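Trainee: Take this structure, written in structure tokens, and hold onto it; I'll ask about it next.
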Amino acid sequence: MAASEPNRHQSFSSPASDDDRPSQIEQYSEKAPSQQEGTSAPDFGPPPDGGFQAWLVVTGGFFAVFASFGWINCIGIFQDYYEQNQLKSYSSSDVAWISSIESFMLFFWGPVVGYMTDNYGPRIPILIGSFLHVFGLMMTSLSKKYYQIILSQSICSALGCSFLFYAPIAAAGTWFKRHRAIAFGIITAGSSLGGVVLPIMVNKLVVQVGFGWAMRSVAFLFLGLLVIANVTIKSRLPPPRRKFDIKDFITPFKEMPFLLLTVAGFMLYLGSFLPFNFIIVQAKELGVSDSLAQYLVSIVNAASTFGRLVPAYFGDRIGVFNVMIPLTLLGGIFTLTVWLTAHSTASVIAYAALYGFASGCTLSIVPAMVASFSDVRSIGTRSGALYGVSAIGVLIGSPVAGAIVSAENGSFSRLIIFCGVTILAGAVFAILSRQALTGGQWIKKV
């Protein structure tokens, strides 16, 4: 068995022969981490790919991601509010760090949360995340000063969101294989629905009951949803409780497909969030009314709901790489054509819908792409490692984009070009990752 097994890092050397290529993808997921170290691990059989408990995990994951990533998807609405209220003495750049740090915290802790989920199960991370997220929002409702908002909203709440995002995905990965992409798609669709509902909800509540009770109302809503998540989400496999080993985080980057996919993720997250952050400001510059501009983020998120589910459905059938790459290319093309040339309300709305659908698969498909060549017991660690690197792109993307706008005296053209080019670059590295995984084959389900 050992003599005929393909080399784990074969993609660094010469491509496999045609006879060997069908097994080249499986070589990255055949062994559990404990088996790679020379010890035996019990066989719990293949994932059931369905059943009441499996879909219950997906349902709980949907609620957890609605409350976590769905909240992150709507944080752009606070930029304008803070500038006019608590933080009116601060510059727009200073206020922008609130959302940048919040997004960064969501992704940066991925390796830690993923490793914890793989080794101790999802229950502890989800419980920790529920407390931090709800507590952070409650403290935000009382915050008046800049540092208080940073600590409560950008750090405490966002750290909780990180725990609530990675743990359900890792848990669901143990229940599904053939239908893993659609399961991940349903879970991450919670972020899109949250991005549609929560901005409207917060805007209405701030007017009716004030900022403090608006935040507390959201916190109570999340508390109810997260109770369901804590009860329903569990792993099919008992946690191995392996000793901490830094090699668990480093080893994936020695695999060429994973390394290239990580670079793709960095480039994508460097540019993919810029439309969410700047489309409202840019639309107002074009003369779009304030009342309509506030709904543009909701339009992007509404379209991305379909962009998460439809590609995920086809990803299970024709391959997750084969679905993600064309849609990512379309996202970059739409940015460089429709958004760059938009000069009317109709064209901005059209871009919001088109980009929302094209970019929707990025969040839902990438975990499935990692899982497609990973052992089921290490999905959390490997996905977290990828997103941990992507977090750097999330952190610097908005400040870089803001600096570009300032240098152009308020013109958004070069920002849009920067956004489109980074998305296309991400697609190119995803193509390279696919080719490394398949040994250069273009027509293959992967």
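Cβ coordinates are placed from backbone N, Cα and C, and glycine is handled just like the others.
TrEMBL: automatically predicted annotations, no manual curation.
Got these off TrEMBL a minute ago, pasting:
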type	residues	note
REGION	1-44	region 'Disordered'
COMPBIAS	24-39	compositional bias 'Polar residues'
TRANSMEM	54-78	transmembrane segment
DOMAIN	54-437	domain 'Major facilitator superfamily (MFS) profile'
TRANSMEM	98-117	transmembrane segment
TRANSMEM	149-169	transmembrane segment
TRANSMEM	181-201	transmembrane segment
TRANSMEM	213-233	transmembrane segment
TRANSMEM	258-280	transmembrane segment
TRANSMEM	292-311	transmembrane segment
TRANSMEM	323-342	transmembrane segment
TRANSMEM	348-373	transmembrane segment
TRANSMEM	385-405	transmembrane segment
TRANSMEM	411-432	transmembrane segment
Trainee: If I take every residue in the domain 'Major facilitator superfamily (MFS) profile' (54-437) and average their pLDDT values, what number comes out?
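Mentor: Averaged over the domain 'Major facilitator superfamily (MFS) profile' (54-437), per-residue pLDDT gives 90.
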Trainee: Mind pulling out the one from 54-78, 98-117, 323-342, 411-432 with the most Cβ pairs under 8 angstroms to the transmembrane segment (181-201)?
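Mentor: Most contacts with the transmembrane segment (181-201): 54-78.
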Trainee: Cβ under 8 Å to the transmembrane segment (258-280), counting only same-chain residues 6 or more beyond its ends: which ones?
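Mentor: Counting only partners 6 or more residues beyond its ends, the transmembrane segment (258-280) has Cβ contacts under 8 Å with 28, 73, 76, 79-80, 96, 99, 103, 107, 252, 293-294, 296-297, 300, 328, 331, 335, 339, 348, 351-352, 355, 359, 362, 366, 369-370, 373, 382, 385-387, 389-394, 396-398, 400-401, 405, 412, 415, 418-423, 425-430, 432-433, 436.
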Trainee: If you count every Cβ pair below 8 Å, which range out of 149-169, 213-233, 323-342, 385-405 shares the most with the transmembrane segment (54-78)?
Mentor: 213-233
Trainee: Cβ under 8 Å to the transmembrane segment (213-233), counting only same-chain residues 6 or more beyond its ends: which ones?
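Mentor: Long-range Cβ neighbours of the transmembrane segment (213-233): 56-57, 59-61, 63-64, 66-67, 71, 122-123, 126-127, 129-130, 133-134, 137-138, 140-141, 164, 167-168, 171, 198, 201-202, 205-206.
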Trainee: Where else in the chain does the transmembrane segment (149-169) make close Cβ contacts, counting only residues six or more beyond its ends and a cut-off under 8 Å?
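Mentor: Residues packing against the transmembrane segment (149-169) from afar: 57, 60-61, 64-65, 67-69, 71-72, 78, 82, 86-87, 97-99, 101-110, 113-114, 116-117, 122, 125-126, 128-137, 139-140, 142-143, 184, 187-188, 226, 229, 233, 367, 379-380, 383-384, 387.
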Trainee: Checking distant contacts: for the transmembrane segment (98-117), what same-chain residues at least six beyond its ends satisfy Cβ-Cβ under 8 A?
Mentor: 68-69, 72, 75-76, 78-79, 82, 124-125, 129, 149-150, 153-155, 157-159, 161-163, 165-167, 170-171, 235, 244, 248-249, 269, 273, 277, 379-388, 390-392, 394-395, 397-399
